[in-house]
Amino acid sequence: PRATRASSSFSTSRPTTEYTGTYRCSYKNQTDLYSEIHIYVKDSAKAFTTPQSLTIIQKEGSNYLLDCLVTNPESAEFSLQMENGSAVPSEMNYTADPKRGILIRNLQPSYSGDYVCTVKMNGIQEKSDVFQITVIEQTQQPPAVSLPANRYVRIVGETLRIPCHTKNQDHSYNITWSSSEKVLNSKTNRDKGCEHICFISLLTIHQVNMSDAGNLTCTGQNRAGKNFVTAVLKVVDKPYIQLKPILSSEYKVNGTDIEVMQGDKVELAVQIEAYPEVKQTCWKTPKSNHTHEETFNRINNSDNYMSTIVLRKVGAQDNGHYNFTARSASVNASIIFTVHVYQKPNTLIKWENGIATCVATGYPIPRIQWFQCEDVRLFDITFSFKAHKYEIHWKIIEANEGNNYTFIDPTQLPYDKKLEFPRNKLKLGQVLGAGAFGKVVQATAYGLVKDESVTRVAVKMLKPSAHFEEKEALMSELKILNYIGPHENIVNLLGACTQGGPMLMITEYCCHGDLLNFLRQRAETFVNNVLGVQSFPENSNLYKNVAVQKNHSSGMTYSGSESYKDAQLTQMSKDICQESCNEGGKDAWPLDNIDLLKFSYQVAKGMDFLASKNCIHRDLAARNVLVADCRVVKICDFGLARDIMNDLNYVVKGNARLPVKWMSPESIFECLYTVQSDVWSYGVLLWEILSLGMSPYPNVVIDAQFYKMIKDGYHMPQPDFAPHEMYTIMKMCWSLEPTQRPTFANIRELIAKLLPNQPSEVRHTVRTISSVVKASKMQSVFFKKDGLSDQTLSKEQSWIISDVN
């Protein structure tokens with residue numbers, strides 16, 4: 001510029017578009033007197049001046065001028081649009097001035113994005129550089145603040161450190177610590193692990209003293225307001241543990257002594273306040289086999305804790321002292337609860353040396369009185385029992401930890417209406433079984449299975465004498481079977497009729513009845529075959545013994561021939577199944593050891609499935625296993641269709657009839673039913689199978705001596721036809737400690753190893769050979785898994801197959 005006394009001028013020899021703009025001339029000492037001019041520097045390659053900044057960050061509510069000045073006065077339609085060509089937000093308010101740029105008013109967070117200024121030159125649109133606009137949301141709420149705990153304890157002289165975690169939308173906030181209106185010093189650092197803007201303010205008090213005790217408050221404040229959080233500091237002069245008993249008002253309580261009814265659930269709780277922190281806790285209980293549940297929890301990361309012991313279904317064995325001890329690194333403390341379980345008096349009269357002594361036990365302490373009978377007579381005392389209330393044995397467990405379990409109420413299970421089957425398509429037949437309130441009948445269903453027009457089924461129904469409880473129980477059984485779902489070794493649910501008449505439950509039909517009678521009916525032929533007396537059904541292919549050889553590897557005598565025919569072996573296996581599957585087929589083929597192993601394996605497989613569904617059976621026995629086509633066994637529950645009043649297997653215990661010979665000790669003595677108690681029953685079922693249907697504990701009367709035998713761990717002797725491996729499985733199932741019993745999955749694997757795994761033709765060869773084997777001892781008639789190999793069968797076989805016709 002060149003100045004004179006009268007004028008001032010500005011000139012350039014090489015102007016560029018950047019010179020485009022408004023120029024003002026004014027007095028230095030009187031700027032309100034001025035003159036201005038707008039200059040355009042045209043450039044066909046550049047329609048706009050270069051902005052000072054393309055990255056724009058502004059607060060919500062502010063105005064901003066985009067400095068995109070037009071370089072050509074002949075341009076038209078100066079406007080603003082999004083960088084992708086779309087229109088700006090409809091609510092955006094802006095003014096476009098070619099000489100100044102575009103002024104956007106009242107910026108909002110929703111305006112954040114990429115924008116360009118546009119003009120038209122000779123009908124062609126030109127765009128400016130891209131403006132990246134970010135609008136920061138205005139703070140709407142105070143900062144968030146939090147502490148790890150709301151209570152702290154320190155011993156005099158220790159150091160206290162408390163972090164206060166804060167979070168805000170921007171950096172415009174501050175954090176302070178205070179105590180009793182006094183500001184405390186702290187150190188603040190950025191929390192890098194936070195998604196928002198977060199800081200940690202660390203309060204440190206070195207060598208605390210009694211005057212530091214009280215409330216410590218962390219406050220976060222911004223333009224919107226403030227938030228605060230307070231912790232209490234307790235200062236003590238030495239370590240301590242304080243124990244406070246917590247007992248329900250449902251109990252009769254006197255201090256830490258409680259009195260409860262037999263069968264109740266008891267919960268003993270202790271609230272612990274301690275510093276330093278508790279390192280170890282221990283409950284010492286009376287000597288008892290009763291399982292209890294213990295829990296220990298720290299409360300809100302503070303110096304308070306809660307320890308609880310839960311006793312379920314308490315009995316006489318739970319009487320006594322329960323001692324709780326808590327230990328820290330420095331001190332320990334104890335508290336003792338005393339539990340008294342109300343028990344009906346039990347009396348025992350002893351007569352010795354002319355003296356009668358009456359011993360009474362119970363709680364409270366019984367009062368004993370003697371009465372002289374003036375008129376002594378003998379009476380024929382008879383007992384009468386009310387009709388047995390039907391209850392489905394199968395139960396679904398909701399939670400199971402040891403002996404602590406919860407049954408799902410089956411009435412709350414859903415009913416699938418897809419199970420409904422038209423009554424007019426069901427033709428009822430002969431009765432298969434009946435009890436006091438119900439029965440099972442054979443029936444024909446038309447159109448039940450899509451690809452079959454007629455299906456033989458079994459139908460369970462109630463008798464007219466049934467009450468509401470029995471009707472509800474049958475519906476519960478239906479819901480449980482629906483909940484469990486189908487399995488090849490379970491009697492599966494096929495349908496139901498619940499509307500328009502008596503309730504009917506439709507299940508699979510098992511033509512050969514229950515496994516117990518199936519075994520007993522074939523026991524004689526099994527033994528004959530073992531002793532070498534052949535017994536095959538008529539019109540069947542059989543083996544004729546033309547040579548006898550000794551297999552030294554197995555230690556057994558058997559017969560064979562090298563010229564046997566594979567085709568006829570295969571035919572024999574088909575005959576067994578076809579005879580069984582035909583309408584009215586009797587399955588006259590004799591049993592052999594492989595059949596017994598297969599029955600055992602299939603029941604274990606079915607029970608493994610039930611266990612996987614958290615279902616317990618509670619009455620597993622050969623009478624509750626049915627035999628279907630092709631000798632497939634299926635687990636069931638006759639329930640209301642069994643006459644337990646006249647079934648000697650069900651013994652009166654208390655006010656119920658129970659199958660005590662099949663029940664585990666914990667089920668008999670503690671009314672505990674779990675999958676493990678089903679495993680015990682399975683062991684008894686194995687004994688039934690391998691003894692060919694004999695009654696368990698033969699010649700043993702159900703009396704006090706029987707119950708003592710069970711408690712003492714008595715095992716039934718090995719059945720005559722049980723291999724050593726199978727008897728070992730039985731004894732494993734009869735472990736007094738439920739957790740020591742194998743699972744059904746374990747049992748499946750063990751029995752599977754005993755089953756032959758040869759091709760089907762060879763397998764049937766083993767079946768027939770084992771049927772006529774001769775042995776000096778009954779228990780030796782079973783082949784070991786490695787006792788007869790495929791090679792032995794092919795090289796030493798000397799049987800000739802012929803048709804009896």
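A Cβ is built for glycine as well, from the same backbone N, Cα and C atoms used for every other residue.
Annotated in TrEMBL:
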| type | residues | note |
| --- | --- | --- |
| DOMAIN | 51-134 | domain 'Ig-like' |
| DOMAIN | 142-230 | domain 'Ig-like' |
| BINDING | TYR405, ASN624, ASP637 | Mg(2+) binding site |
| DOMAIN | 426-755 | domain 'Protein kinase' |
| BINDING | 432-440, LYS460, 508-514, ARG623 | ATP binding site |
| ACT_SITE | ASP619 | active site, proton acceptor |
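TrEMBL feature annotations superimposed on the structure.
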residue : record                       : DSSP class
LEU432  : ATP binding site             : strand
GLY438  : ATP binding site             : strand
LYS460  : ATP binding site             : strand
CYS510  : ATP binding site             : coil
ASP619  : active site, proton acceptor : coil
ASN624  : Mg(2+) binding site          : helix
ASP637  : Mg(2+) binding site          : coil
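Of all the binding-site residues given, namely GLY435, GLY513, the one with the smallest number of surrounding CB atoms inside 10 A is GLY513. Cα to Cα, CYS510 (ATP binding site) and ASN624 (Mg(2+) binding site) are separated by 12 Å.
Taking the Cα of GLY438 (ATP binding site) as the reference point, the closest of the recorded positions ASP619, ASN624, ASP637 is ASP637.
ASN624 (Mg(2+) binding site) and GLY513 (ATP binding site) are 10 Å apart (CA-CA, integer value). Distance from the CA of LEU432 (ATP binding site) to the CA of the residue listed as 'active site, proton acceptor' is 19 Å. The Cβ neighbour count for ASP637 (Mg(2+) binding site), using a 10 Å radius over every protein chain in view, is 20. Confidence over the domain 'Protein kinase' (426-755), given as mean pLDDT on the 0 to 100 scale, stands at 79.
LEU432 (ATP binding site) has a Cβ environment of 20 other Cβ atoms inside 10 Å. CYS510 (ATP binding site) counts 22 other C-beta atoms within 10 Å of its own C-beta, drawing on all protein chains shown. A separation of roughly 13 Å, to the nearest angstrom, links the Cα atoms of GLY435 (ATP binding site) and ASP637 (Mg(2+) binding site). Between ASP637 (Mg(2+) binding site) and LEU432 (ATP binding site), the C-alpha separation comes to 14 Å. The Cβ of ASP619 (active site, proton acceptor) has 23 other Cβ atoms within 10 Å, all protein chains considered. If you take the Cα of LEU432 (ATP binding site) and the Cα of ASN624 (Mg(2+) binding site), they are about 13 angstrom apart, rounded to a whole number.
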